[in-house]
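Pulled from TrEMBL:
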type     : residues  : note
TRANSMEM : B:36-62   : transmembrane segment
TRANSMEM : B:83-107  : transmembrane segment
TRANSMEM : B:113-135 : transmembrane segment
TRANSMEM : B:156-174 : transmembrane segment
TRANSMEM : B:194-221 : transmembrane segment
TRANSMEM : B:242-269 : transmembrane segment
TRANSMEM : B:275-297 : transmembrane segment
Amino acid sequence: MLQAARTMPDTLAHPAAADARPDLIVVQGVSKRFGSTAALQDVSLRGRAGSIHAITGENGAGKSTLMKLLAGVHQPDAGEIRMAGQRLQLRSPAAARAAGISTVFQELTVLPNLTVAENLVLGREPRRAGLLDHAAIHAEAQAVLSRIGITLDPQRSGASLTVGEQQLVEIAKGVSTDAQVFIFDEPTAPLNRAEVDKLEQLLHALKAQDKLVFYISHRLDEIFRLCDTVSVLKDGRWVATEPIGALTSERLITLMVGRELQALFPPRASTPPGVAALDVRSLTPLAGGASARLQLRRGEIVGLGGLEGQGQREIVRALAGALPPAACDVQRLGRDGQPQAYDPRQGVAHVVALGIGLVPEDRKLEGLYLDLPIADNIWLGLLRGLGLVRRAPRQRAVVTDLAKQLQLRAGSLTQDVGDLSGGNQQKVMIGRWLAAGVDTLLVEQPTRGVDVGAKAEIYGLLRAFVAEGGAVLALSSDLPELIGLCDRILVVRGGRVVGDVPAAEATEEGLLALALVDAPASAPGVPA
Amino acid sequence: MTALRSGIRRTTLALPVVLFALLALAAPGFLAPQNLANIIGQITALLIVSLGQMLVALVAGIDLSVGSVMSLAGSLVATQADPLLGIGLALLLGLLVGVVNGLGVAVAGIHPLIMTLATATFLQGLAYLVLPIPGGEVPASLRSLVNGTLWGVPQPLLWCALCAGAVALLLHHTRLGLHLFAVGAQARSAQLNGVPVVAVTVSAYVACSLLAVVAGIYLAARVASGDPTMGASFGLESVTAVALGGVQLTGGVGSVLGVVTGALSLGLMTNGINLFGISPFLRGALTGVLLLAAVCAQRRKVVGL
């Protein structure tokens, strides 16, 4: 995100928002709580017709919650929403749609057992004499798809669509209703370049038709390219609404983060790395597949990069024992420098027992117990190595200290992990391994779904971890992150490590080149 | 267009055909007109109640109370002298049970197994109260609707056609039908698309209970009297028939044709057991095995295939 911002022109010649048109949507003093978490506090916002209005902020700022109030998914605890002067009571998504507010949700809602056409008309099916009018359903779907310029067979099943196609259907569904207000919640995430262009044309067309578009995004380049007005939320509160011409990307980031962002990445290790925590002489994750060779030493953070799906994930998972490899020849030296019998084919429990922890990409599904409080999630780490019937230590002090060290932003340690922001969840995930006393971390996408402020803190945690003799292997698809965070970057292509670049000398272009074409013959992955 | 959610596979369609052929070859007297008429008569009740079971299965539910609803409905018509009053009471009962089941599941969030097991037990008690021992007499006017022929067609077949036609119309030509599939596939997505999930779920349970009432009236009229345990075996048998017919018990996939084949298969097996003189107690055992086999044979999460 910062990378995008850097390449942005600082001022764009957008017409100033000196538009005299009246406000179409007025949100007045709206608050919403979920359990103990205040998602929105006293937020007021105005949007006028003929505008593309960005709603932005860090993860957990309340953007999506605010839009879900407008979409009728949630109802505000206090405050009111007016549309063209009329007070709205949006008790359900159907009610919001009837009021003329159409929403493209962030979560995909395409139903797998319905056709594209049925998905498009769901909830407002054309009928004749009380029965479904199949011909009209088909015709309407066809018309909507061609109006937007999507070539998609209306008779295809929802299950056969790719994620990008599903998003297009969501967008088509949103614009096919005759609404006055359109909400797009991070619509471009699964789309390719051509599809994004199509979406942008569509948004401009809606603007020209005097519609109000709320566009939720935290991609700065998109906001500057598309929107004429920006509203920033932070921690559930409204921060600012500005015409785009009055903003620079630096100023916008400052508004989002609420403070000047200084060093995102901590300084690299100053001492040379120690012995190899993992000396992978050969690792074949899948039978018949390629073998990788790499070395991870104590005191260093090693990055795994490359194009998506080149086998990086399999390497990490194989080392963690989560995906037992077909074959491997790995030497592991413990903290004391003594070799340990390490065999990831024996599964996760064996690997964890040796002090190697996996921080999975999908922490909600594979890492955390969302319904359990923070304290229990961290405390689970203390159980490592205890037998099934051993009495577990209830070391409250350890958990409390860890929470402090992690800089957790939570009301209390009894709060459910599911209620936390992505950044805090990741901290809890790392905290569990710290409690478990592991000395090697395998991290997939260290800061996916984590906002800018928390990113810096997570980077700091990982750096502190290796400074104390730990080792981190970090898989990331974010090149600036790899360069900023790591000491060395291994580029993986076709299941092999094809490049080994000191991060201090790495450039995005150089890494990308390695990811795409053959590197000069050397012994990558293993430092000389 | 609807192939993607019918759940029908070749094996689904082949099963009753193969069974029919096997029985025709091996079972003495299978093809006798009297036996065939018997089969139709027996299958009709199962088919009607299974059609309702499918509607509930489409929204990822299960209704174990259909058997008790049948028993109580049969007992009601067998104890009321006025057939219209009996039918009216039974339909009212069905409506009430469906609403209670539906609200329990969709609003109170009770698991459908527990919810409908509770109503099943409750209604079984009521059935014993209405008719402590098998008996009573179903009015002649009702009996005449199930035993004869109309336009040369056995009347049970007409009951089947009417119910299957009505459910097919509901599934493929009404909003409720489309919404049943949508809710069953992913209730939250359906909700976000403006589908009234609670109303759709309650409607499924109401339709299921009403069909169970129809099956109960039919069965009582067939045997001319009531029996407080008449429907007891139909709860699990309807689930088995539905599973045999390719309906996903996890929701979102099912079809009338599938249920017809499932009910036919189960009915033919029952008839075969009778013809071969196998102990009727084994029939219950076989139903259990079949249910397990049918569910195992379904690929999980084939929604949309």
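Each Cβ is built from the backbone N, Cα and C atoms, and glycine gets one as well.
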Stretch with greatest number of CB pairs under 8 Å, the transmembrane segment (B:36-62) reference, B:113-135, B:156-174, B:194-221, B:242-269 candidates: B:242-269
Paired segments the transmembrane segment (B:242-269) and the transmembrane segment (B:194-221) in contact, 3+ CB pairs under 8 A: no
Region pair the transmembrane segment (B:194-221) / the transmembrane segment (B:113-135), three or more CB pairs under 8 Å: no
Residues of the parent chain within Cβ reach of the transmembrane segment (B:83-107), under 8 Å, 6 or more residues beyond its termini: 61, 63, 65, 69, 72-73, 76-77, 115-116, 119, 123, 138-139, 141-142, 197-198, 201-210, 212-213, 216-217
